[in-house]
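Participant: Below, the features straight out of TrEMBL:
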type: ACT_SITE; residues: Lys256; note: active site, N6-AMP-lysine intermediate
type: BINDING; residues: Glu254, Arg261, Arg277, Glu306, Phe346, Arg430, Lys436; note: ATP binding site
type: DOMAIN; residues: 334-471; note: domain 'ATP-dependent DNA ligase family profile'
Amino acid sequence: MQFATFADRAAAIEAEPADLEIVAHVTDLLEDAEADLEIVARFVQGRVFPAWDSTTLDIGPSACYEAIARAAGTNVDADDVEDRLAEMGEIGDVAASYDFGGQQGLGAFTGGDDGSGDDLTVREVYDTLADLAAAEGSGSQDRKVDLLFGLFNRCSSEEARYLARLVLSEMRIGVGEGTVRDAVAEAFDVPEDSVERALQVSNDYGEVARVARDEGVAGLDAIDLEIGRPVQAMLAQAGTVTDALDEWEEAAVEWKYDGARIQLHHSADGETRVFSRNMEEVTDALPEVLEYADETLEDPVILDGEVVAVDDDGSPLPFQEVLKRFRRKHDVEKAREEVTVRPVFFDCLHAGGEDLLEEPLTTRHDQLRAVLADDDAPEDEDETDVEGLSLLWTADDPDEIEAIDADALEAGHEGIMLKNPDSAYSPGRRGKHWRKRKPDVETLDCVVTGAEWGEGRRANFLGTFELSIRDGDDLETVGKVATGITDEKLAELTELLEPHVAAEDGQDVDLEPAVVFEVGYEEIQTSPTYSSGYALRFPRFLAVRSDKEPEDADTLERIESLRS
Ligand code: ATP
């Protein structure tokens, strides 16, 4: 297809306000793309490469301005392009405002609507951009500008408009992923569901369009996951335990690890690649994950999980620490000395030669355990001992779930995730089958009236704090909160509370009222366990209210008003 034809069609799409008409235009475009279908299906969305491919052009706006300026003629420089941009506000308009000097460019400018007179094709544009992306090392920026200049030099104004936008990822003609999905279904008469599924597993609109056209629905249904080609991560919605149990009767409960999402691909020849949640390759930044894979994995697998920063004892460190490692390209070994990371996997998308996306969550987790378990370990080994495997329980009792949440916080994690045990893995979906706890709507200021000394490494720290609210002159208990925070924070809280210890009995400590905690919670329930008659469900430590005295803490009346 001529690039001029593509540019004309893009202009028509851009001018079209109605969504349905846009789909009709894209349908026509795909039908007419012939051998260039894959490229056209991506270009129309403003993409040069498939979504799974983290290759970038790696060319900044100023290099693009320079290429435009050079193509525009001797009197123009990059500053002039920037000035026009400031005036016009959009790079496509700026590029289209020049008459490019190249012979073919002028030819195209005077050519007909179908781009006759111009010989620049979408394939040439793609091939040149692929060369441009591949240019590396010293002098590569100059080479990129040269290549791009070569393209602009052959463009008409309208072609230049869409080339500039494509290069700077600013296509903005109103074509989203849904538009292309609908247009592929329409153009090649295949069911939308099949297109959708094929897109989820391949993340390549070009390939899906070509297969839909050439092989129909059978071809689409045969597109499978591929090791080395990342898929989008399944995401979570906010929700409450109550909602989850109402809907599913039983929930799969997992610890929520506070790290960065990773997708690990391990191939038959033993190569491991790791991708971020945005499908960017982060393999080189995470040698610990590669070492883990070398030791643990034998067969080809695709795993979904989290990479967490840990201290010397293996306890989790705050999320900010992972960030110091996650996308690092240089000095990885040095960074590793400062912050260690380890992977925790919670899902298995492919194992045993099969894609598992359609399998229920619990089956996928069983497969995951089989993949990660040490074959030499004794049969009855507790699953909690499988290194790198997320902990998962199925529960239908809110009290049990609350206990899991408290344990997760106590172990220094973020809390819990709730998942529908029967649900499939839906790449890229933020559906209702995965829930993270809703942010707390209200908070309460409670007096800390008791605590427990920790165990093991935390023996010198106070933890699991008893919370009370005021009832006239009395203080009545309303719950206990584990902090879910770092040793550093626990040390700080211990220092603050220890002077107020009134009595000790084993690990249990009574505290005189002195310190006020701000806590979040999911619900307030009536409860015989605490003297106030109420219990905070899923209490969360948020902060010390050093500006408040116990007399300023919240009251039983407030609890009652919050419940009504
Ligand atoms: P969002 O996904 O809403 O954009 P986010 O990236 O900050 O936001 P959260 O919403 O807080 O993440 O929670 C979802 C994330 O929690 C997942 O993407 C994953 O990285 C992480 N996570 C930790 N433990 C688990 C687990 N057991 N199961 C699924 N996700 C988990």
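From the backbone N, Cα and C atoms, a Cβ is placed for every residue, glycine too.
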Participant: Looking only at C-alpha atoms, tell me how far Lys256 (active site, N6-AMP-lysine intermediate) is from Phe346 (ATP binding site), rounded to the nearest Å.
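Facilitator: Approximately 10 Å lies between the Cα of Lys256 (active site, N6-AMP-lysine intermediate) and that of Phe346 (ATP binding site).
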Participant: For the recorded positions Lys256, Glu306, Arg430, which sit with their CB under 6 angstroms from an atom of ligand 1?
Facilitator: Lys256, Glu306
Participant: Specify the count of other C-beta atoms within 10 Å of the C-beta of Arg430 (ATP binding site).
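Facilitator: 13, counting other Cβ atoms within 10 Å of Arg430 (ATP binding site).
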Participant: Have a look around Phe346 (ATP binding site) and count the other CB atoms within 10 A of its CB, chains all included.
Facilitator: 23
Participant: Return the count of C-beta atoms lying within 10 angstroms of the C-beta of Lys256 (active site, N6-AMP-lysine intermediate), excluding that atom itself.
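Facilitator: Neighbour count, Cβ to Cβ under the 10 Å cut-off: 22.
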Participant: In three-state terms from DSSP, label Arg277 (ATP binding site) for me.
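Facilitator: The three-state answer is coil.
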Participant: Please list residues from the chain of Arg277 (ATP binding site) whose Cβ is under 8 angstroms from its Cβ, counting only those at least six apart in sequence.
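Facilitator: Within the chain, Arg277 (ATP binding site) has Cβ neighbours under 8 Å at Ala233, Ala260, Arg261, Gln263.
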Participant: Any same-chain residues 6+ apart from Glu306 (ATP binding site) with CB under 8 Å of its CB? Would you list them in sequence order, or say none?
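Facilitator: Tyr257, Gly259, Ala260, Arg261, Ile262, Pro343, Val344, Phe346 - these are the non-local Cβ neighbours of Glu306 (ATP binding site), listed in sequence order.
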Participant: In sequence order, which residues at least six apart in the same chain have a CB under 8 Å from the CB of Lys436 (ATP binding site)?
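Facilitator: Correct list: Ala236, Gln237, Ala238, Gly239, Lys256, Gly415, Met417, Leu418.
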